[in-house]
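TrEMBL has this to say about the protein:
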type     : residues : note
REGION   : 1-136    : region 'Disordered'
COMPBIAS : 1-10     : compositional bias 'Basic and acidic residues'
COMPBIAS : 81-93    : compositional bias 'Gly residues'
TRANSMEM : 563-588  : transmembrane segment
TRANSMEM : 618-639  : transmembrane segment
TRANSMEM : 651-676  : transmembrane segment
TRANSMEM : 696-722  : transmembrane segment
TRANSMEM : 734-753  : transmembrane segment
TRANSMEM : 833-852  : transmembrane segment
TRANSMEM : 873-893  : transmembrane segment
DOMAIN   : 972-1116 : domain 'UBC core'
ACT_SITE : Cys1054  : active site, glycyl thioester intermediate
Amino acid sequence: MAYNGRDQEYGGHALQDLPAGSSQYHLPPQENDEEQGRGLLNSGYEQDRLGARTPPDRPVSAYSLTESYAPGASSAMPGQGPTGYGDTGGSFGQFGNLDANAPFPRPDSAFDPEDSWVERQQQPQMGGGGGLGRSKTRKIKLVQGSVLSIDYPVPSAIKNAVQPQYRDAESGTEEFHKMRYTAATCDPNDFTLKNGYDLRPRMYNRHTELLIAITYYNEDKVLLARTLHHTMQNIRDIVNLKKSTFWNKGGPAWQKIVVCLVFDGIDKADKNTLDVLATVGVYQDGVIKKDVDGKETVAHIFEYTSQLSVTPNQQLIRPTNEGSQNLPPVQMIFCLKQKNTKKINSHRWLFNAFGRILNPEVCILLDAGTKPSPRSLLALWEGFYNDKDLGGACGEIHAMLGKGGKKLFNPLVAVQNFEYKISNILDKPLESSFGYVSVLPGAFSAYRFRAIMGRPLEQYFHGDHTLSKMLGKKGIDGMNIFKKNMFLAEDRILCFELVAKAGQKWHLSYIKAAKGETDVPEGAAEFISQRRRWLNGSFAATLYSLMHFGRMYKSGHNIIRMFFLHIQLIYTTLNTMFAWFSLGSYWLTTSVIMDLVGKPNATSGVHAWPFGDTGTPIVNALLQYLYLAFVMLQFILALGNRPKGSKFTYIASFMVFGLIQGYILVLSAYLVVRAFDTPIGDQISFASTDAFLNSFFGGSSAGGVILVALITIYGLNFIASFMYLDPWHMFHSFPYYLVLMSTYINILMVYAFNNWHDVSWGTKGSDKAEALPSAHVTKGEKNEVVVEEVEKEQEDIDSQFEQTVRRALAPFKEEEEVEKADVEDGYKSFRTGLVVCWLFGNILLIVCITSTNFDNLGWGEPATERKAHYFQFLLYATAVLSLVRFFGFLWFLGRTAHSLSDYFPFRFANSYESWQFVFCCFIQALQQRIRHSPPWAPTFIMLKIWSMKKEQKDAENAEGQASGGKKKKVTAAQLRVQKDLSELSLGSTMKTEFPDPDDILNFVLTIDPDEGMYRSGRFTFDFAINQNFPHEPPKVRCREKIYHPNIDLEGKVCLNILREDWKPVLNLNAVIVGLQFLFLEPNASDPLNKEAAEDLRNNREGFKRNVRTAMGGGVVKGTNYDRVLK
């Protein structure tokens, strides 16, 4: 269907709805890569969503479902010449030969938000009615009877976008006509040619020189497009080399480069990124299979070679004419893992699966979101090409600062920018000179593939938890907490193992010409969480490298390299020691500077600054107490709270430490100025070398020390930055760093070390993968194993592709993540506030009473007198409180003495008589003491009274037996049960019944859940309590046969407090609440019915369906269940 003008019905395909004179595709970007304002799709949306209002005027679309899009096919559009995907004059299907330089407002995306990704994966019914059901079916033979590998036709727009010179050169293959899909049902180690798996570059007998890997977790489509598009531009830089003696030999350069994208799980992936990849051609909806003949798919692998790219601001780049700015064909492998199994596992797919088949010379690692600068990947590769012993390298990573550097107004971004810059200027070059760069960041690094094969990768993959069962104690589950933290910085392990590889002389290097740009955390919570992993991982990995330095002697490094490696060992050891004591060093530096300024030597004639001799010591003391208080607060927060749950407290901490550090910087500047009040010539002697050294380093003057500090701390940073021709960070980021540098220790390191135990590993299954279609195997002709599936018509593929492109090119709207109130975070925050108030309140009391810093204020008493008076106050207060307690005891005893009549041979008529008795006893006891009576006299009297009372009771019992009467005895268990029942607070969904009203030890409990999986059911439990209660728990059994992981078919209940966790302090209410909770949230980790528990763990939706079936009296897994529905 086509749009026929204003006020008419319109339908068909969304991509046709464009204003007249517009061009949906434009020339490739120039070298500066400033896409904005350079052509197509750079205008904001000005049209309403399709169907909401009257569409704009435009020509009648020539696109229809019946078009063939074969080369040479054309359709006419008003005012346009011949068009078609096969047209080589720059056309792209329905959009014709439109002016590429004419920008236009782009319409809103027209895809249905309900058209979810999962729904698009479902296969159409075979042999159905209209629509896609009219398609034929085809049978695909499994490779070696187990490997499902299928070629799918790509949309005509993608196929015909390939330039003729490339398409014609590969006319004997299906490289540009079909996308290849492989369902890998094996471990990465088993993805081998022997097992039937293969990849297109090897199938086409191509040598892979450069394998570029992009690892992805959950980034949005803008971040993925940023990395992929700039990677393709870097490949263009390599292909366009005219004087290269390597890339132009043995075939086209583009055939020597492969780009591999590895997505860490379906569930976490942003589905909009899949639309971007589908627009490029390396992915299609409705292709993936969750299992093959019941064997779960581990990874979905797509392969295609494309010349299309999508820019970060959603512009589609296609080749045009024969210009050098066209993107060359790029061989792509897209690995979509079915489950989230972490980044190390993604690298195992890269190296052990794809790497062993492709056997590349160099592997470049990029994280999704990293933007490689022009020619950066070429610079990395050239480092390996020019140095045969180079095993690994990294480029310069700098923070993404936003347009015009606007993100620098955020202090956290500024300090990270300075940190990155100084690391690239001072740290990386130093380590590169030694030959061992301690860390090649995984976001932008490269390795020689044959250098890391063997032990380096073996040690590296010990951190992959999917290998934990196979590796046993050497796996991640068998490691101690130190080694687990070490694998938080797994790239450091790989670097060390590479340099220390036995018999080899591989070294690592920093390549300045290679530059990459990456996002940095902008919030305090994200910054702290990121640095926890970095600091703990780097600390553990550094200790590992120091402890195993001896392995360097087994390597093949020459004596010069070993000499410098020993220097680096000493340098790293000293740095580690300083880092260990940095918390105390910062405090000592702060307090010493404050004391030097606030308490100068009285004989020097210098006064305290800046608040005078009286005010400065007080201000300094307050700031020191504030400093210590906030350091203690960091320990409390780190031990009990998440950064996201205490966001504002951490922001306040950054501000307080920044304020104190700013004050210290001011005091330091004052000390520098005061030190040079005396001419430098008077402080330092130039008479002789010995005199100079003694006066500069050992004299009483401070001039020499201050000069050294100024030059090394500040001067070297400026000098190195200017020599590096990159000094601007010293002006816009260095001031922020000076103010916030103490937070790196007082906040980040404190949080990291207090959360050393936090090593989160594990696999997260995919709910979405459960709904994907399966590949069912049948026997074909000649007894071959085949899979039958629907074969789509080309028109249907093109139709779906239009909707895909519209979704991919829709403008990105960043969704603000709304922080949901976490109940546990609220509880932890309250606990933290309580502990802080209690602890700091007591500390404040101690400081106010004992500190001498407030003696000079002129008000109050000296500290010694405050201590004495406070001690007197404590004694008097304790005495008064004790008297109050004693008089309360007398009052209580007087009011309740009549209840003690069991111990006396008489009863009191009223409270007055009881009071009189108590008073008389007290007076008599006092008189006995005055008369020096034996101390046991009062005791003797009380024993006599007790004896008389016992005789009276025996006489009463004898009379009762003589008269035939019987006195009923109440047991301790009955008393306790009676008490528990009186305290029960049952809701409307529970009730109790007593079949025998006189027997409270046996009763019935009925539960009618009104929520959860078991709602609308009625469940009856029999309670049987023996005479040892509460020392033994009650016996509980369910009358009905129900499908529940914690209740077996005999009605036995698995509840922890009914077994090993029972304590006499627990009551019946706790048991009943526990039973109620079993119906709200069944516990699959502690089952009685193992089949139900496994069902709940593996397929929660299927478990819900089975529960409803069982509650209706149905059959589940061959077992009949009682009907319990109300």
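Each Cβ is built from the backbone N, Cα and C atoms, and glycine gets one as well.
Where the annotation comes from TrEMBL, it is an automatic prediction and has not been curated.
Across the candidate stretches 618-639, 651-676, 734-753, 833-852, the maximum count of CB pairs under 8 A to the transmembrane segment (563-588) is reached by 734-753. The transmembrane segment (734-753) and the transmembrane segment (618-639) are in contact, since at least 3 Cβ pairs between them lie under 8 Å (pairs 6 or more apart in sequence).
Cβ atoms under 8 Å from those of the transmembrane segment (651-676) belong to residues 411-412, 524, 589-590, 593-594, 596-597, 606, 609-610, 623, 626-627, 630, 633-634, 637, 701-703, 706, 710, 738-743, 746-747 of the same chain, restricted to positions at least 6 beyond its ends. Within its own chain, the transmembrane segment (833-852) has Cβ neighbours under 8 Å at 621, 625, 629, 632-633, 636, 640, 862-863, 866-867, 870, counting only residues six or more beyond its boundaries.
The C-beta environment of Cys1054 (active site, glycyl thioester intermediate), restricted to residues of the same chain at least 6 apart in sequence and closer than 8 Å, consists of Asn1046, Ile1047, Asp1048, Asn1083, Asp1086, Pro1087, Leu1088.
Each residue of the domain 'UBC core' (972-1116) gets a DSSP state, and the totals for helix, strand and coil are 48 helix, 28 strand, 69 coil.
Confidence in the domain 'UBC core' (972-1116), given as mean pLDDT, stands at 90.
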